[in-house]
Amino acid sequence: MVMEMSKTYQYRKVMKPLLERKRRARINKCLDDLKDLMVECLQQEGEHVTRLEKADILELTVDHMRKLKQRGGLSLQGVVAGVGSPPTSTSTAHVESFRSGYVHAADQITQVLLQTQQTDEIGRKIMKFLSTRLIELQTQLLQQQQQQQQHQQQQIPQSSGRLAFPLLGGYGPAAAAAAISYSSFLTSKDELIDVTSVDGNALSETASVSSQESGASEPVWRPW
């Protein structure tokens with residue numbers, strides 16, 4: 001028993017310094033990587049730092065993360081509310097990126113539903129939800145672009161005659177009207193509406209015709 005305790009004690013006595021050195025090496029490596037990242041970020045902001053202590057690295061990192069958190073909060077607030085301060089090009093780009101990803105995901109869901117043997121009530125509800133949310137995103141993006149355009153017009157001289165920066169997207173009322181037609185959901189698989197992704201920054205809007213009867217037809221939105 002004494003021999004076993006002695007071996008355990010000796011093992012801990014030897015391993016503890018080794019583990020401590022490994023832990024310190026990991027900390028130092030992370031601090032070095034963090035220093036390189038912070039120096040690069042500061043240089044992008046116009047600040048030049050030649051030497052940083054470990055405490056300085058941690059302080060700068062905390063400040064930088066707080067700034068990122070505030071910016072992210074403002075962007076999220078603009079996405080959710082869609083009102084308040086004029087949206088920046090960054091927040092508008094975030095909304096556009098999310099909308100494009102949503103359209104792509106909705107297209108994949110549509111393809112799966114179209115491949116099913118029959119269209120049930122659940123499928124129609126899913127398609128209705130997707131189209132309603134897509135129209136909301138489209139309206140939200142248009143509102144933010146209008147606010148951004150008004151804000152830019154106030155910031156530049158009236159004699160310039162054009163905006164300093166082009167707006168993202170390029171969507172107009174016609175696209176919103178085309179999106180609204182997407183909410184007209186019917187009762188058969190052939191009448192389910194396909195949502196496709198956007199090509200570039202513009203949403204192509206076209207109307208296609210589908211019918212259950214030989215003489216009946218109604219427009220649906222197929223943006224490809």
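We count from 1, first residue shown onward.
Just so you know, glycine gets a Cβ as well, placed from its N, Cα and C.
Summarising the annotation, Swiss-Prot assigns compositional bias 'Polar residues' to 205-215.
Per Swiss-Prot, the feature domain 'bHLH' maps to 11-68; the stated evidence is sequence analysis. Applying DSSP to the domain 'bHLH' (11-68) sorts its residues as follows: 49 helix, 0 strand, 9 coil.
Look at Swiss-Prot and you will find 98-130 tagged as domain 'Orange', backed by sequence analysis. According to DSSP, the domain 'Orange' (98-130) comprises 28 helix, 0 strand, 5 coil.
According to Swiss-Prot, the region 'Disordered' annotation covers 205-224.
Under the heading motif 'WRPW motif', Swiss-Prot lists 221-224.
Mean pLDDT, taken over the domain 'Orange' (98-130), works out to 76 on the 0 to 100 scale.
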